[in-house]
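The feature signal peptide is assigned by Swiss-Prot to 1-19, with sequence analysis given as support. Residues or ranges marked as N-linked glycosylation site in Swiss-Prot (evidence: sequence analysis): 38, 69, 109, 316, 393, 412, 429, 496. Annotation comment: Swiss-Prot describes 263 as substrate binding site. According to Swiss-Prot, the active site, acyl-ester intermediate annotation covers 263, on the basis of sequence analysis. Among the features that Swiss-Prot reports, active site, charge relay system is placed at 385.
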């Protein structure tokens, strides 16, 4: 086995290569040249490859359209690098202070933290221009392709015939459907791990998709005015179809595509699996769904219409058609302000039932197995998913019940009462898996929004899959991302280099073979029957029962809300 020199990956070394020597790929609509060669990782990077027309003007809030213009000009993506417009709910700032205090063993004054963020009314004011990332642009539907040197060189043999292609890993980023970009993660560690066995390695594709109001507005009123719900899902789908059409030109195998994502990225992958209720075969063979997140109880018709009305009010217009004609900066500002001002503890955007791409609740589609049964699945979740997302002000029954009302806004009074009294009762004597009101809210968010979703995925497909639990403390939502993309850097308490390298080997092995098990490493069990997972923690690696093997998960999949 080839040994990775992780210290060398600390330095991002881009070798100076004469432009004429960098590979060029003819995509039909443009000729795209690699922007550089990483001499440490031995891979080429093709940056900012356009996969859709700019979603501006009449294409705002509409289907993404494949590039129309044909050009023989060679481009390399330099000077583009746009990211989709970003935003974040202000209450996340309070939660960040809470997490920092608790993990440091300090006391946390919620009122003081809340007042500091909210009392000065910063969350309802327009964002200062200086705070905006200059790369933010509606023209953001680009992707990056990272290709190992040997994959490029072996695209064709000496007789001009195509060689068997390399496996492909497509990544959708996290960000609560309102932030993030294809550039958030550095895949150099994964690529290096994929070459440990002496093979050519894997191709990595990072994708931008529309966020916030640009990608996730929905509802009857929005549709009646010509808006397309779930535009972000259609962006992702077009990118996956782009991979199917073009990845052979980079040396990849379109029949060996794995889609990976965490949080919103994992939730998006779930929607891609259930898309159209199995009416159309998915453009991928495997998924790696990490903490697949969506909040099914937060999308009611009234909430959807209220979001649209609030957005139009911020723009000082009365219709979506008028919004389409406004300058881009006006929409960027309104998007930011709308998300920032959302009520404490509430989600804002995400997938919605639209009768087409999302024909029904994904949990119900999975229950009815309306998916391609041949798709192979690897899932993961963290042991403490809801720690940073359950509101810090849940300290008694009254605040817990208010949180239930926020999280399950689409549920009726009976479901909410059952949640508080039966599913998550205020019992803290050790007989339930929580010892405080915040831990109670933590478990509620975890099961409703992420962990139970992994169980639904496994039960929907024909072939038993695999599951991993990330238990390195604090093991909260997203804390495993630094391990997945470990490249020799990082010294935080949430990163264990041994665990990180193990996770990377498991991921790469799954991408290559559909099985995450590597000879000599701890065995990842099949997820079936009693549902066991491989738990990766500070105190060792062991097989344990899945946190999802509960009656509560069964209830959440079957109840209407």
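Here, residue 1 is simply the first one shown, and the rest follow in order.
Backbone N, Cα and C atoms are what each Cβ position is placed from, and that goes for glycine too.
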Provide the three-state secondary structure of the residue listed as 'active site, charge relay system' computed with DSSP.
helix
Least surrounded among the glycosylation sites, given as 316, 429, when other CB atoms within 10 Å are counted
429
At a 10 A cut-off on CB-CB distances, which of the recorded positions 38, 109, 263, 393, 412 has the highest count?
263
Can you tell me the CA-to-CA distance separating residue 38 (N-linked glycosylation site) and residue 496 (N-linked glycosylation site), as a whole number of Å?
26
In the structure shown, which of the glycosylation sites 69, 496 has the fewest Cβ neighbours within 10 Å?
69
Per DSSP, residue 38 (N-linked glycosylation site) is which: helix, strand or coil?
strand
Once the DSSP letters are reduced so that anything not helix or strand counts as coil, what is residue 316 (N-linked glycosylation site)?
coil
Among the recorded positions listed as 263, 316, 412, 496, the Cα nearest the Cα of residue 385 (active site, charge relay system) belongs to 263
Name the one residue among 109, 316, 496 whose Cα is closest in three-dimensional space to that of residue 429 (N-linked glycosylation site); these are the glycosylation sites.
109
Out of 69, 263, 316, 412, the recorded positions in the record, which is closest to residue 109 (N-linked glycosylation site) when you go by Cα distance?
263
